[in-house]
Amino acid sequence: MPTTASPAPRAATLRITEIFHSLQGETSRAGLPTVFIRLTGCPLRCSWCDTEYSFTGGTTRTLDDILAEVAGYHCPTICVTGGEPLSQKNCLPLLTALCDAGYSVSLETSGALDIAGVDPRVSRIVDLKAPGSGEVARNLLTNIPLLNLRDEVKLVLASEADYEWAKAQIAEYSLTERCPVLLAPVQGQLKPADLAAWILHDRLPVRMQVQLHKVIWGNEPGR
Ligand code: SF4
């Protein structure tokens, strides 16, 4: 059985790139006012990454300090993102502390690191990296049997070849029977209308998404 993080001293620290209040731009929570906690650092280098500013830098913050800032937004919905948040060991106690405080919590993760230790109250949004990302070899396939209906799998697609690959993965791992599956086009590389047409033609039982925050605000950090 997966184990959750043991209670950590509230003085435990994490490296934080930014904390901000915005609208969730992706997943089935799209459109919901959300507080984002962006953790610094990522071991991957996806070709189309739009958060390279989170790879380095950031500020060291205690768990208590993070919780206090989040509380100031008076928002019940939290998204822990990155970078790759699970690359910091204190991400697990942060997630548990947020759940204990009563928030509805989601975690955005690359799919390259083990999700087994994540608090079961968290909705895990797990990427499955397509070949166009340049990081397909990093997919940790042992995560797939751990997925449940609280979770979502996200495939970001740069081309028709990526779409065909995604279809094959959905079939091979019965992904749509495990949890909701999200397909998203890489902005500027794959036309949303093309992806929509392929999904409808193939009768794929997935949710297509475009990044709502970019429609509203463009590529600004902190949005
Ligand atoms: S896993 Fe996410 S943060 Fe890391 S390189 Fe890929 S897109 Fe960027």
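Placed from the backbone N, Cα and C atoms, the Cβ positions cover glycine too.
Curation does not apply to TrEMBL; its annotations are automatic.
What TrEMBL records for LEU23, GLN24, GLY25, ARG38, THR81 is substrate binding site. For 29-219, the entry in TrEMBL reads domain 'Radical SAM core'. The [4Fe-4S] cluster binding site annotation in TrEMBL covers CYS42, CYS46, CYS49. Annotation source TrEMBL lists Mg(2+) binding site at THR51.
Positions of the features from TrEMBL, shown on the structure.
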{"residue": "LEU23", "record": "substrate binding site", "CB count, 10 Å": "15"}
{"residue": "GLN24", "record": "substrate binding site", "CB count, 10 Å": "19"}
{"residue": "GLY25", "record": "substrate binding site", "CB count, 10 Å": "21"}
{"residue": "ARG38", "record": "substrate binding site", "CB count, 10 Å": "22"}
{"residue": "CYS42", "record": "[4Fe-4S] cluster binding site", "CB count, 10 Å": "21"}
{"residue": "CYS46", "record": "[4Fe-4S] cluster binding site", "CB count, 10 Å": "21"}
{"residue": "CYS49", "record": "[4Fe-4S] cluster binding site", "CB count, 10 Å": "17"}
{"residue": "THR51", "record": "Mg(2+) binding site", "CB count, 10 Å": "16"}
{"residue": "THR81", "record": "substrate binding site", "CB count, 10 Å": "22"}
If you measure GLY25 (substrate binding site) to CYS49 ([4Fe-4S] cluster binding site) at Cα, how many Å is it? 16
Of the binding-site residues listed as CYS42, CYS46, CYS49, THR51, the one whose CA lies nearest the CA of GLN24 (substrate binding site): THR51
Any of the binding-site residues LEU23, GLY25, CYS49, THR81 with a C-beta atom under 6 A from ligand 1? Give them in order, or none. CYS49
Additional residues around [4Fe-4S] cluster, ordered along the sequence, whose Cβ is within 8 Å of the centroid of CYS42, CYS46, CYS49: LEU44, ARG45, THR51, GLU52, PHE55, GLY83, GLU84, SER110, SER133, GLU135
Rounded to an integer, what is the Cα-Cα distance in Å between THR51 (Mg(2+) binding site) and THR81 (substrate binding site)? 10
Among LEU23, GLN24, GLY25, ARG38, THR81, the record's substrate-binding residues, the widest C-alpha separation in angstrom comes to 14
Reduce the DSSP letter at ARG38 (substrate binding site) to three states and note it down. strand
Of the binding-site residues CYS42, CYS46, CYS49, which one has its Cα closest to the Cα of LEU23 (substrate binding site)? CYS49
Mapped onto three states, the DSSP assignment of CYS49 ([4Fe-4S] cluster binding site) reads coil
If you measure between the CA atoms of THR81 (substrate binding site) and CYS49 ([4Fe-4S] cluster binding site) and round to the nearest Å, you get 13
